[in-house]
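Contents: one structure, followed by commentary.
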Amino acid sequence: MSDTLVLLDHTAAGALRTPVRELVTLARSLGGAVTAAWAVDGAEPGAQTLAELGALGVTQVYRLTSDADLHAPAVLAEGVAGLLEATGARTLLATSSFENKEVAAHLAVTTGAGVVTDADTLERVDGTLVAGKTVFAGTWSTRCAVRAPLAVVLVKANSVVATDAEAPVEPQVTEHAFTASPSASRVRVVERTERPATGRPDLGSATIVVTGGRGTEGDFTPLEELADVLGAAVGATRVATDEGWIGHDAQIGQTGITVSPRLYIGAGVSGAVHHRGGMQASGTIVAINSDPDAPIFEIADYGIVGDLTTVVPQLTAELRRLKG
Amino acid sequence: MKIVVCVKYVPDIQSDRRLVDGRTARDGGDGTLNELDENALEAALAVVEAGGEGSVVVVTVGPDDAVDAVRKGLQMGADEAVHVLDDAIAGSDALGTARVLAAAVRHVGGADLVVTGMAGLDGLTSLVPTALAALLDVPALPLAASLEVTGTTVRVTRNLDHASEVLEADLPALVSVTDQANEPRYPNFKGIMAAKKKPVTTLTLADLGLDATLVGDAGSRTQVLEAAPRPAREDRVLVNDTGDAGVRLAAYLVENQLV
């Protein structure tokens with residue numbers, strides 16, 4: 001059984017991003033050893049991070065270092081390609097972000113890898129990797145086999161529950177230095193501004209998401225209060241971000257962030273197909289809307305026809321009371 | 001300045017989209033130019049207009065009906081169109097599609113700038129733009145929320161999950177644009193009439209000199225084993241608020257261990 005390499009998405013401060021734990025959990029289920037790549041793009045894997053990875057069962061952490069900017073996906077892809085070749089790992093797992101899709105596309109061209117994006121399941125069937133994913137705005141499920149010897153699978157957040165390995169290990173840390181080709185360095189990252197932390201979970205990987213749309217009429221305060229009681233992230237529809245009620249980075253939808261939390265609560269969200277494409281794969285969908293004909297009710301597990309400005313604060317107060 | 005815009009013909013997202021034998025059904029008569037590619041066309045036309053010179057070639061790969069996608073591009077203002085039409089292309093994965101597009105770009109004599117939409121609203125993998133750039137051996141600047149060409153340099157701003165960036169590269173280059181980049185123009189009557197006289201070239205894989213085993217089902221490195229509509233959600237609840245809906249919802253969330 002060949003090894004699986006996991007790309008370790010991390011913050012600028014050196015903390016693992018939440019979905020990485022899910023990736024490692026999934027990688028263990030495939031058999032073979034689980035190794036990991038950390039792009040040294042300013043932050044190093046600290047002792048706590050290594051302990052966390054060890055608990056998850058990662059045996060090897062490769063520090064990818066380069067003379068070129070590892071924030072450029074073309075550069076990172078060259079480093080990862082070299083690492084796959086050097087270690088013999090035949091499967092790469094990474095979170096399904098736009099940056100990693102760029103890395104995956106480069107790898108498809110340069111290494112012959114078969115790529116699946118937005119996977120929500122992954123298993124080995126008679127030696128072949130088979131990934132599951134939903135398509136057409138979450139309305140269809142598909143299973144897709146990788147026919148190439150090298151597989152790159154990008155996995156959606158919240159696809160599996162992260163668990164530690166049966167026995168913790170102490171990961172070996174090895175440097176993998178590489179020189180980027182001139183062609184990979186042709187894109188110059190002139191500026192890069194990390195988004196400041198909001199104190200709430202990342203929208204893309206949060207287990208609970210509270211979303212506001214046109215029906216909020218611009219006032220997200222009740223939603224933010226609900227989110228804080230639930231430890232949830234706050235998202236929005238395209239209308240709400242276009243109106244400037246909240247930043248564009250909060251936009252959930254086909255062209256924004258795709259979320260698949262355990263619990264999605266939409267308030268004043270009509271459920272246009274563009275938005276549904278970014279949230280329909282959520283576990284439980286709750287919708288609060290004053291319009292009984294809003295399309296979101298067609299996909300909601302629990303729908304309330306009512307005024308969000310009274311229902312949401314009442315929900316928040318009741319949850320606060322129940323939590324004591 | 002020569003710009004090639006790559007567009008896709010997709011099932012209308014408001015239609016009943018289906019998979020047949022693991023492929024997107026394209027027989028419903030509900031096909032349309034991928035909405036996000038209108039932003040690509042608009043971006044290309046704006047670059048030519050801002051520079052005061054240049055031409056825009058719109059390219060698509062797809063079945064007979066896909067010619068509608070490039071026609072829309074011509075109506076918006078593109079100068080000429082290429083439609084790659086070959087039965088062997090059906091079933092291509094993202095890399096196969098990128099190979100056909102790369103061959104088509106080379107066939108029209110290359111481009112200073114290739115512009116695409118950020119994703120196709122059917123597959124949504126966003127892999128094709130970067131793969132196409134890699135095959136053409138030009139720098140890729142995906143997900144541009146704004147795009148500016150100054151002399152022989154292209155500069156884009158983009159918003160990623162955790163950061164925003166400004167990227168720059170020398171031409172030739174490939175840029176994919178988001179739906180934030182611009183407001184696509186509507187073809188006016190003059191544009192629609194002018195488009196009827198603009199050339200649409202239909203090409204096969206043989207015309208492109210592309211080996212059919214590298215594309216389509218034969219060249220695909222992934223294979224859809226199963227596809228089925230997801231079952232409707234069960235036990236759905238819909239209530240009219242009579243004053244206590246918030247309290248009842250809290251009870252539902254606690255009971256189902258969702259909070």
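Cβ from N, Cα, C; glycine included.
According to TrEMBL, the feature domain 'Electron transfer flavoprotein alpha/beta-subunit N-terminal' maps to A:4-189. For A:ARG214, A:237-238, A:251-255, A:268-275, A:ASN289, the entry in TrEMBL reads FAD binding site.
Positions of TrEMBL features highlighted on the structure.
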residue	record	DSSP class
A:ARG214	FAD binding site	helix
A:GLN251	FAD binding site	strand
A:VAL269	FAD binding site	coil
A:HIS275	FAD binding site	helix
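Using a 10 Å Cβ-Cβ cutoff, A:VAL269 (FAD binding site) registers 31 neighbours. Counting other Cβ atoms within 10 Å of each Cβ, the lowest count among the binding-site residues A:ARG214, A:HIS275 belongs to A:ARG214. Chain B comes within the C-beta cut-off of under 8 angstroms for the following of the binding-site residues A:ARG214, A:GLN251, A:GLN254, A:HIS275: A:GLN254. Counting only same-chain residues six or more apart in sequence, the Cβ atoms lying under 8 angstroms from the Cβ of A:GLN254 (FAD binding site) belong to A:ALA137, A:HIS274, A:GLY277, A:GLY278.
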